[in-house]
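Read the structure below first, then the notes.
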């Protein structure tokens, strides 16, 4: 092309880079947001609008963020941004969970001995460590672009939060729902503390299982003293604590002769037990019911001087074992209930570290100080020596573990604080019935977990946490009432929780209870009680944030955790659910579906990712996933996301470049051609669908709609054919301004739909827009109303034109293969429409839309190839190519350019 004509083309221009450079640009954009306080500005702008409150579940303040944190916070961030741009005041108050064992452990790893360090000094170290972790994580969330003010947050260690939590404890106590009792609970020797059900996870382990024969010493009319009762257990270490044997009231039992010994076991299990123990032959001597065995006494299998009874057990079945249950009241919930029913105190000679105490010395001195797991071997050898061991076998089975230390836990009878749920259970379940959930099955799951939940163990034997406010006399008898509790909590509100650990008990007691040598409780509240109080603490701190909140969104591991604790606490506190809607998301896994772990080397550090590839790419990945299921992420998936990002970015760059001379205040056109109206109709359809998907929190639908729109509606259609108009037409021609008007609306549509996702890129787009009266940030704007929906008749016609376009393109492809033409603009196209599509013939600009030289309609279909809605023929246009627009014409001015181009050139 001659330079003179090249220079007359209106080639687009923009400062918006083709290369993203997100790792460098994003921090700069974030600094601008911080400097101009964009989040605070938006909250101010939205004052008076309806409140939308998403309550942020607090991540634990220990260590750097992982990919699961990024997924969770990005999902929340997209919700908040969408709501703020669509008529709501939607604050994002982030929270942190800051008490508990992991922080204590982190401090002790710094060389601090918890037991040798003064309590307040140790607690201050924990606080300092936790606050550093909060600051670190807050900065990392900022790098991911979270729309919040990190100065306005909630942290469970702050004074106001701790006092709010204690007021909740007080309210529960006043409702007579808090009690202290000796009960078997989950105990973690590795963390030396009680655990709640929500802190338990199950893992497969190999354990010894044993069949034990216990000799009858006091029989009855049916059972002689030469008979032996057979029990089976997976915890041999509990045999020293055996207090009873339990039989089922409606279970049938046999007396069986095998190897010249007589054994009692459930009839239905005889064959199975015989096979497991290795009885080659056996004989059924008698049959009897469970109650006929009750009252029989047997010698303890290890300590023959200890005589124990046979009793009825409500929990006994004949589905496994022997149908007779070894009962140790100190190490099992059902066992505890049974021994208490018979007036016997549970025997639990295991200390906080899982070692046998001196209580066992009366029977077996060698066990004192032995770790419970190590006792399995000792017990097995002793049973074998006494000929009480019938069979030992190792089996794999699911066993409870401490969710923090990942080590096994035991059931252990200790004195703990509990919240009794009986009074509130019906209201809790009624509240669950009222919420909506995503996925739908989530409601049933939460309901089941709460329905099955037993009383909540809320005490922990640690230092770093909120103290349980209670007192004891010199005989360790509990001294507590409403007056004492109210006074003590008021005093803590004045002095802070640290005071509880270093000031005398009298400081916290009403005058009438002082000088009585009372002692303070040493236990602290469960961290789930902390985080489960967060909705209440927030509603008390911000009076304009009443319960219930609109939304809770966390991982699907929180049904037994935060979802659960929050529902219990809020119901007891206010009678209400803390949330109207609950959403759970899956876990992040690698591309093969494997859980991410350091050992597999398949983890993805979100901050490292943001600093190399950009937070916007990570956010686009989040939007692309069905988050209700586990989300896969890895190199191939990220590559696909990167390709989608480039399509989106290049499309917006093209639009920006071709709006360089468009001033919407002067050049915006309302009288548009049919194809422009069709493009705007499609824009509105997609935006409406995507907006509905946003409202339904279905971000993968938004992602698919936008990527499909960019690829098909824009790149493959509208943006393709308008290049001729944009580049060739006179700069201020009506037709060019019409097309630019459509581009302007298309850009705003992409801005609105991508603003919650590609937060940095859309800011960059906005700042690159010209001839616009701009505000500080795109994130201060509300979504633009874009209602361009056309009639069904109009849309049907244009949908058919798109089908005709496909028909023409197929014919052009055949013509290219047959060497009739090289390019579409060389083609003369003849179309014979099928009868029901004749209304297309009146449409103008079709040759431009189809990017051909000319297009004509005929009623003579002969010689044309049949396609979907038309018969199409293609011929080569004979003529000369215009040096400016490349169109083929019969004649050119000066043998160089066409009349249209000449008129444009002459006007320059």
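Even glycines carry a Cβ here, placed using N, Cα and C.
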Which one of 590-594, 595-599, 600-604, 605-609 shows up in Swiss-Prot as motif ''KMSKS' region'?
595-599
Residues with Cβ closer than 8 Å to the Cβ of residue 554 (L-isoleucyl-5'-AMP binding site), same chain and 6+ apart in sequence?
57, 72, 562, 563, 584, 585
Specify the count of other C-beta atoms within 10 Å of the C-beta of residue 882 (Zn(2+) binding site).
22
Other than its own, how many Cβ atoms are within 10 Å of the Cβ belonging to residue 898 (Zn(2+) binding site)?
24
For residue 885 (Zn(2+) binding site), nearby residues of its own chain (Cβ under 8 Å, 6 or more apart in sequence):
724, 728, 897, 898, 900, 901
Number of helical, extended and coil residues in the motif ''HIGH' region' (59-69), per DSSP:
3 helix, 1 strand, 7 coil
Residues near the Zn(2+) site, 882, 885, 898, 901 excluded, by Cβ within 8 Å of the Cβ center?
728, 883, 884, 886, 887, 889, 892, 897, 899, 900, 902
